[in-house]
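Chemist: Starting off with a structure, shown below.
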Number of protein chains: 2
Amino acid sequence: MFTDEYFMKMALQEAEIAFEKDEVPIGCVVVSNNRVIARAHNLTETLNDVTAHAEMQAITSAANFLGGKYLVNCTLYVTLEPCVMCSGALSWSQISKVVIGARDEQRGFINKNLSLHSKTEIVSGIMENECSSIVKEFFKAKR
Amino acid sequence: MFTDEYFMKMALQEAEIAFEKDEVPIGCVVVSNNRVIARAHNLTETLNDVTAHAEMQAITSAANFLGGKYLVNCTLYVTLEPCVMCSGALSWSQISKVVIGARDEQRGFINKNLSLHSKTEIVSGIMENECSSIVKEFFKAKR
């Protein structure tokens, strides 16, 4: 039951909430022991704040829940590959695992030759089409 | 009067406040038209939040002051070279200028071959010794 698809679907629901708010539709959840301890979606326009990416909010929220700044035994499910800022934050958090929906060749951290913390396992391509489609649809509507 | 040293001294004062709180002593200010519109110091321990670097807080605070997410005509003065996370945030902010006190060869963005926004001018080495000394002193006391 608790597959990567199961939790990525929740991240995608967060992305859909962002879409409805006219925000770039990216969402994520943080899971610890099969329990969702944080969920967030991009809010850069609503909050007028470039730092309000889904991942940044989820990291802060999960740490708050855990009462410690390191996200030990936690997995982040995010619909789009994290940017440089978010990859840096994930590195500092020492999170155990990051599961990515769709790649972001242009703005994602992987093509910048950045890595996360040495402890962090990275999985990519979970529900890739759905995660990619919602972003494409958003920008198509904007044009 | 409004030299780079003038504002870096204010950033250093923020670093000193962090030091007193037993936080890694890094501080910054954001200046617009020779007016300080945001000031912050590292609060990762106090807030239990790896994202609470001085620069992240200052970017959010300055955008809040300006009522827009882009830090046009703004300069960030920061005592230590920004990390990957903070360089990513500064890129998104399209800030006009970043003035760095001391370099951080290990964790700073420059040696990771990252760049800021194409609009952003970077100056480094302002009050380098003072900015570097306070961090060294902090870690020496920790050992």
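Quick reminder: no glycine exception, Cβ is built from N, Cα and C everywhere.
Sharing the feature lines straight out of TrEMBL:
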{"type": "ACT_SITE", "residues": "A:Glu55", "note": "active site, proton donor"}
{"type": "BINDING", "residues": "A:His53, A:Cys83, A:Cys86", "note": "Zn(2+) binding site"}
{"type": "DOMAIN", "residues": "A:2-112", "note": "domain 'CMP/dCMP-type deaminase'"}
Chemist: What does DSSP call A:Cys83 (Zn(2+) binding site) in the simple three-state scheme?
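Modeler: Going by the DSSP assignment, A:Cys83 (Zn(2+) binding site) falls within a strand, counted as strand.
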Chemist: Sequence order please: the recorded positions A:Glu55, A:Cys83, A:Cys86 that have their Cβ under 8 Å from a chain B Cβ, otherwise just none.
Modeler: A:Cys83, A:Cys86
Chemist: Counting by DSSP, what is the helix, strand and coil composition of the domain 'CMP/dCMP-type deaminase' (A:2-112)?
Modeler: 43 helix, 28 strand, 40 coil
Chemist: Out of A:Cys83, A:Cys86, which of the binding-site residues is least crowded by other Cβ atoms within 10 Å?
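Modeler: Taking A:Cys83, A:Cys86 as the binding-site residues, the minimal 10 Å Cβ count falls on A:Cys83.
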Chemist: Just to verify a number: CA distance, A:Cys83 (Zn(2+) binding site) to A:Glu55 (active site, proton donor), in angstrom, no decimals.
Modeler: 10
Chemist: Just to confirm my parser: what is the rounded mean pLDDT across the domain 'CMP/dCMP-type deaminase' (A:2-112)?
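Modeler: Taking every residue of the domain 'CMP/dCMP-type deaminase' (A:2-112) together, the mean pLDDT is 98.
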Chemist: Please list, in sequence order, the residues in the chain of A:Glu55 (active site, proton donor) that are at least six apart in sequence and whose C-beta is under 8 Å away from its C-beta.
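Modeler: When sequence neighbours closer than 6 are ignored, A:Glu55 (active site, proton donor) has A:Cys28, A:Ala40, A:Leu76, A:Val78, A:Pro82, A:Cys86, A:Ala89, A:Leu90 within Cβ distance under 8 Å.
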